Every structure is written in structure tokens, then in C-alpha cells.
């Protein structure tokens with residue numbers, strides 16, 4: 001009879017790795033490995049290097065899209081929490097592939113609506129501007145009033161700075177499946 005003790009189970013766990021007497025999630029090990037400058041964040045080029053080492057070379061456009069999806073608070077840096085959320089998904093590399101033509105068209109339409117409410121061209125909407133935009137997105141059938149009635153400003157404001165930037169909005173659309181429902185994801 002094969003009996004596996006607790007230490008062996010930990011060693012066999014696919015999400016953890018023994019390191020320095022304890023275990024660390026693989027996401028943390030990968031994050032630390034590719035955070036070359038030890039800034040506590042993954043830069044665009046560090047992300048490109050990680051993806052390339054994992055067998056997924058990203059063009060400049062793909063890298064921009066990947067950063068839009070992973071950097072959910074839109075501050076220009078991928079922190080560990082954002083990285084770990086992305087890394088946890090089994091389809092992490094498929095998740096960052098470029099959208100298909102229909103998805104691209106929808107994202108452009110969302111950007112157009114977003115910009116129409118960003119009167120000062122700051123790339124951010126306050127709560128009042130967001131509520132007006134949400135009604136417009138419902139009117140344009142981008143979001144369903146009944147299905148997404150609970151789209152709370154605070155849920156989308158991942159940076160907790162009292163505003164929603166475009167990256168946060170697109171990340172939210174991806175998370176709730178709006179971008180996935182509109183077509184087959186690119187191969």
C-alpha cells in the first residue's frame with residue numbers, strides 16, 4: 001500500500017514548491033524570478049520574457065493586450081496580486097491572446113463610449129460619469145441591465161482610487177464574461 005505523508009503531499013502539490021524549508025506558491029516563485037529589477041512589480045518586458053520562456057512569444061500588440069488584461073488597476077505595473085490572479089487560471093496564456101475581429105470591434109465601441117464620458121481626457125471616470133456610461137452601455141446592449149445590474153463602481157475600481165480607468169473596465173468585462181460571449185476566442 002502506498003502511503004504518502006503530509007510532507008510528500010506538499011512536495012507533490014502542483015501549485016507549491018519547497019523553498020528554504022517552507023513552501024511558496026509557484027506564482028510567487030515565477031513572479032520573483034521575472035521581477036528582474038526587484039521592483040515588486042513585473043514590467044512589460046519582464047512579462048514578455050516570462051511568456052517567451054513559457055513558449056508564448058508576444059508581439060507588441062499582444063503584449064499591450066496582455067498588460068491591459070493583467071494590470072487590472074491600470075497603473076502600468078503588474079503587482080503580485082494581479083500576477084497571481086492571472087497565473088492561477090489554467091488558461092492563462094490563452095486568456096491573453098488577442099481578441100478576434102468582433103471582440104476588437106466591441107472593445108473599440110466600449111472605448112468610444114468610455115471616452116465620451118471622459119470629458120477631461122484623463123483616462124478615468126468618477127462615479128457619476130461611470131453611472132451615466134453604464135446606462136449608455138445598457139442602451140447599446142453591451143451589458144444587460146438584468147444580468148449586470150449589480151455592476152458596482154467599487155467592484156470595478158480595483159485600484160481603490162475613486163475612479164475607473166479603461167483597463168479596469170476591460171478587465172471587469174473579461175472577468176464577467178462579456179468579452180467571451182461575443183465570439184470565439186482567437187486560436
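Even glycines carry a Cβ here, placed using N, Cα and C.
Annotated domain 'EF-hand' per TrEMBL: 22-57 (among others), in sequence order.
When averaged over the domain 'EF-hand' (58-93), pLDDT in the model lands at 87. The domain 'EF-hand' annotation in TrEMBL covers 58-93 (among others).
Helix, strand and coil content of the domain 'EF-hand' (109-140), in residues and according to DSSP, is 22 helix, 2 strand, 8 coil. Annotated domain 'EF-hand' per TrEMBL: 109-140 (among others), in sequence order.
Taken from TrEMBL, the feature domain 'EF-hand' applies to 153-179 (among others).
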Helix, strand and coil residues within the domain 'EF-hand' (153-179) as assigned by DSSP: 17 helix, 2 strand, 8 coil
